[in-house]
Amino acid sequence: MRAILPIPVLIAWAMVVCGGAYAVTTCSGAATATADASQQDLAALKARFRRPESVPHPKANPLTPEKVALGKALFFDPRLSRSGSVSCATCHNPSLGWSDGLTRAVGFGMVPLPRRTPPVLNLAWGTAFQWDGRADSLEAQARMPITAPDEMNMSMDLVVERLKAVPGYAPLFRNAFGSEEPIGARHVTAALATFQRTLVSGEAPFDRWALGDESAIGADAKRGFALFTGKAGCAACHSTWRFTDDSFHDIGLKAGNDLGRGKFAPPSVTAMRYAFKTPSLRDLRMEGPYMHDGQLGSLEAVLDHYIKGGEKRPSLSFEMKPFEMSERERRDLVAFLETLKAEPAAITLPQLP
């Protein structure tokens, strides 16, 4: 926010420069100009976070209703897992915000996994997937949990074999891809990716405010947005309409053996150690858990962590610096985050073949 000179100083300046009675008019004009500039700044900030009008789909895997229908069936089908009891929707449950509500995911044989299940909303705009960014497309990501030994524990060959044994899948694949031998690993992942790209957050109160409806959010949330984009520094990483930069940062959480993005860097490169992808704040769960491994159980704990600046180490993001926040400011920031929640869209479960 721009600094504004005290009124007496402004009046004295105006009297020297312009003289006499015109001074008051000049000061009034300066105040108006400052207010106009502030409104322009706010409008520019709103534009940065305004939701897009359409959903992107890659040319190599274009959107079709038939492909979405097939991908939806595959997403909810437990036959894609070795046990035959776990589907993608088991962990990415639409009733739980397309996650599972657990501190950490549970994998094959009910073995706890080291990371929390991320929601699958708004992935159409993503550029890197998984907490460590090891997948560069949704098509590549769709294969990973299926073939991971500690997740669904399947091979794509076995997936294809099982699907070919289900008579009802042949017409679904043929309608989606139109080839003589449509049931194949590439088509499985393409359909799953296409369906996931259709999972988009609904319009939230913040969106209506960003479009000009001043009554859509309260004064506390508006102050919270000013904190989010200003003093608190949240928008440095939680940017764009999805409130994520899709990048990777070490935010100073208590470290274990999980190096995150650093796993893919040479040992001599420390910058990416303990760096994980910035999660979206859209439809943020207000009851936790939070962070890539669910180690912070409440929003209050998250705020405390950022206020303290995280654990100091060479890889700590330069954005992580201690700062002070009053109780009112904390409430305002939470009030803003609550405006990012939309009413969950109703989803009809597919009739599996």
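Backbone N, Cα and C define each Cβ position, glycine as well.
Taken from Swiss-Prot, the feature signal peptide covers 1-23, and the record attributes it to sequence analysis. Under the heading heme c 1 binding site, Swiss-Prot lists Cys88, Cys91, His92, His292. Taken from Swiss-Prot, the feature heme c 2 binding site applies to Cys234, Cys237, His238, supported by sequence analysis.
Structure coloured by features recorded in Swiss-Prot.
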{"residue": "Cys88", "record": "heme c 1 binding site", "Cβ within 10 Å": "25"}
{"residue": "Cys91", "record": "heme c 1 binding site", "Cβ within 10 Å": "22"}
{"residue": "His92", "record": "heme c 1 binding site", "Cβ within 10 Å": "22"}
{"residue": "Cys234", "record": "heme c 2 binding site", "Cβ within 10 Å": "21"}
{"residue": "Cys237", "record": "heme c 2 binding site", "Cβ within 10 Å": "20"}
{"residue": "His238", "record": "heme c 2 binding site", "Cβ within 10 Å": "21"}
{"residue": "His292", "record": "heme c 1 binding site", "Cβ within 10 Å": "21"}
Spatial neighbour of His92 (heme c 1 binding site) that is closest, considering only the binding-site residues Cys234, Cys237, His238 and their CA atoms:
His238
Which three-state DSSP class does His292 (heme c 1 binding site) fall into?
coil
Using the alpha carbons only, what distance in Å do you get between His238 (heme c 2 binding site) and Cys91 (heme c 1 binding site) once rounded?
24
Note on heme c 2: the CB centroid of Cys234, Cys237, His238 has further same-chain residues inside 8 Å, namely Phe228, Gly233, Ala235, Ala236, Ser239, Phe243, Thr244, Asp245, Thr278, Leu281
Largest CA-to-CA spread of heme c 1 binders Cys88, Cys91, His92, His292, angstrom:
19
What whole-number Å value do you get for the CA-CA distance of Cys234 (heme c 2 binding site) and His292 (heme c 1 binding site)?
17
Determine, from DSSP, whether Cys88 (heme c 1 binding site) sits in helix, strand or coil.
helix
